[in-house]
Amino acid sequence: MRRENMQTPCNIIGSGIFVSPKGVMENASSVGLALIVWIITGIITAIGALCYAELGVTIPKSGGDYSYVKDIFGGLAGFLRLWIAVLVIYPTNQAVIALTFSNYVLQPLFPTCFPPENGLRLLAAVCLLLLTWVNCSSVRWATRVQDIFTAGKLLALGLIIIMGIVQICKGKLTPANAFEPLQDYNVGFIALAFLQGSFAYGGWNFLNYVTEELVDPYVNLPRAIFISIPLVTFVYVFANIAYVTAMSPQELLASNAVAVTFGEKLLGVMSWIMPISVALSTFGGVNGSLFTSSRLFFAGAREGHLPSLLAMIHVKRCTPIPALLFTCLSTLLMLCTSDMYTLINYVGFINYLFYGVTVAGQIVLRFKQPNIHRPIKISLIWPVIYLLFWAFLLIFSLYSEPVVCGIGLAIMLTGVPVYFLGVYWDNKPQCFDAFVDKMTYLGQKFCVVVYPAESSSSGSGEEGEEMKEAMSPLSKDDGDNHKSADC
């Protein structure tokens, strides 16, 4: 099994578990319902992953749901998936993780109040700029940062779960009051609780972005799902149980860094371990998101849906500098707000919208191509269950947060004219093509990048290894006349 497959639980377990518990509790209105939300979200995630597994081996292309939506519903639908990922999903995810990092770093310095918003945004921006520089400098540095800082995530969660077990043994868990509401239950807010919880499960479809790289995906893809998602669900539910053994719901809601408050309650003089561990985890989370986002750029550029500049790599370092700089700038724009929970609702709504479209594509493909080879074939009851939950989530989320969700829809629809002008329209004026070529050339000179050669993944030495790590999803040159890099 490849490294990507082995690390699936770590890819799903991210900074969300250190920020989402407050959002889930606030919208679910009680401890008991919050725990049910975490369990149901894990079940729905497993169902979605099974649907994606069938699609992943039926349409064995890297690029994940972008590739599936494009092949099943056509170029416009695929382009809109790519458009919203580039402009909303990746930048917002990275902004939330960077803000979580700054919250956990600064909260111990402001024990009686929230850290200043400008300080949070500034530190998040510094984190993002530093890691963008690391990823631009060396693929090997980026992967080493990821491996090292994953330890912080595991340390923090291990401490939380162990202390939770100790608290339960002391009789600190009181299930009798679990469903005592903090406010009146509201269906719209419960839908938002699911959005908040789903942010923590982000990464469950990671393997579908590298299907072409997996060894024996027919066996390893479902195996990764059956092992990782139940394990992650258990960890998340138990972490939340641990939180409520040490904090009242009111104390949890009053904290923007729940793991810090948890540590202060139970670890005493060693409470400094918790913010450092979570800060390390979230720092690695930003790095991982920057590292993997380039895969989607490569897949989109290969299909002609993105400017070729975004798929180019540095001539010596083999790093996708234009893609990284674009992602960095768009993420910095998201830091105009420091409200992580609004950002989570914003990105969660758009994510679920396309998850549902992709799963609907599975049903459409069954009728359009009933005889296509499907190494993994699941019952249609599972995508139907997923789509019913999907419809509930989107309708009530839009009802509860019409402005936040509406902005996401509006940004997605701006991709329609861009698609017809930039992709669908073949006979563009020569002056337009000349302008695009000139901008691409200037971008190449500024970033010192060229198009990757098809043979570059077979390079030798350290540069060849870096090339394999950075460029493996890109399998073909799209016929562009740009020079190619052999790293």
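First residue shown is number 1, and so on along the chain.
For all residues, glycine too, the Cβ spot is worked out from N, Cα and C.
Unlike curated entries, TrEMBL annotations are predicted automatically.
Annotated features in TrEMBL:
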- 31-57: transmembrane segment (TRANSMEM)
- 78-102: transmembrane segment (TRANSMEM)
- 122-142: transmembrane segment (TRANSMEM)
- 154-173: transmembrane segment (TRANSMEM)
- 185-204: transmembrane segment (TRANSMEM)
- 225-246: transmembrane segment (TRANSMEM)
- 266-286: transmembrane segment (TRANSMEM)
- 321-343: transmembrane segment (TRANSMEM)
- 349-367: transmembrane segment (TRANSMEM)
- 379-400: transmembrane segment (TRANSMEM)
- 406-425: transmembrane segment (TRANSMEM)
- 454-487: region 'Disordered' (REGION)
- 475-487: compositional bias 'Basic and acidic residues' (COMPBIAS)
> Counting Cβ pairs under 8 Å that are 6 or more apart in sequence, does the total for the transmembrane segment (122-142) and the transmembrane segment (31-57) reach three or more?
Replying inline: no
> List, by number or range, the same-chain residues at least 6 past the transmembrane segment (185-204) whose CB is under 8 A from its CB atoms?
Replying inline: 11-14, 16-17, 19-20, 23-24, 26-30, 33-34, 37-38, 40-42, 45, 48-49, 93, 96, 228-229, 232, 236, 341, 344-345, 347-349, 351-352, 392-393, 395-397, 399-401
>> Counting CB pairs under 8 Å, which listed stretch among 31-57, 266-286, 321-343, 379-400, 406-425 touches the transmembrane segment (154-173) the most?
In response: 266-286
>> Contact between the transmembrane segment (379-400) and the transmembrane segment (78-102) is defined here as three or more C-beta pairs under 8 Å separated by at least 6 residues; is that satisfied?
In response: no
> Which listed range (31-57, 225-246, 406-425) shows the maximal number of Cβ pairs under 8 Å with respect to the transmembrane segment (349-367)?
Replying inline: 31-57
